[in-house]
Amino acid sequence: MGKLMAPKILVTNDDGVYSTGLKAAFDSVSDLGEVTISAPAVQQSGVGRSISIFEPLRITKTNAGGIPAYSVGGTPTDAVILGIFTILKEMPDLVLSGFNIGENISTDTITTSGTIGGALEAASYGVPAIAASMQVLDEGQKFDDPRDYHRERFEAGIKVVNRVAQNVLNYGMPENVDLLNINIPYHAEEDTPIEITRLARKIFKTDVEERRDPRGRPYYWIAGDLIREEEEGTDVHAIMQKGHVSITPISLDSTARIEFSEIEKYL
């Protein structure tokens, strides 16, 4: 009787190949199979599922916190595409994107997060995908580049993702689910409750800040405060108001669930 093959797991992120969150992602699945890291060379937060089609991409072998990794000069989606079609040359059994430094909750982040974008790219090929993100209390932490890895900071999230990933490998995704979006609250412990949630509508109160350069010409920063209060059952409510782990099942099919006759009256 032949030896069973270890599951192939591809790990990526959007904070860059040297982010401590990527090391946490590796640690969360390292005992579950053969893990390959293919991640952006530099910070790619906010690029969503964007893909590089007007410039060539390069892959560099590197060492990410003591782990062999592939650094891709592109977006998280590029890293997933090259990870599957150039590095692995086959479909993995699971793609894990994360751990993002900063929560990815609400419909705002589903369409803008590079962490989720990379996971969605994998899901588009029928590969089970997980996106994992850690809440920060200071929004400025999202823009830091910490490389000193302290596993205890991620321990609760590592255990949650390990358990979920093991079950996804064992049983596959539920019907009509392409991606599990996992968010870990900042103060999570091993016994922190876990909620299955739906997406809140918004997480940002979008604003634009105008400033002036030394020549008096205007330039702009897109900014905005966080929305911290939302309906019970949403990911924002679970993370921001209750401090619970949030797991949101996501589908690639964005078709509105309405009777099509409702649209025909506009024709």
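In case you wondered, yes, glycine gets a Cβ from its N, Cα and C as well.
Since this is a predicted model, take the numbers as computed values, not measurements.
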Among Asn100, Asn104, which is the one Swiss-Prot gives for the divalent metal cation site where Asp14, Asp15, Ser45 also bind?
Asn100
Sort Ser45 (divalent metal cation binding site) into helix, strand or coil using the DSSP assignment.
coil
Nonlocal residues around Asp15 (divalent metal cation binding site), in sequence order (Cβ under 8 Å, 6 or more apart):
Gly21, Leu22, Gln43, Gln44, Ser45, Asn100, Ile101, Thr115
Determine the most Cβ-crowded residue among the binding-site residues Ser45, Asn100, using a 10 Å radius around each Cβ and all protein chains in the structure.
Asn100
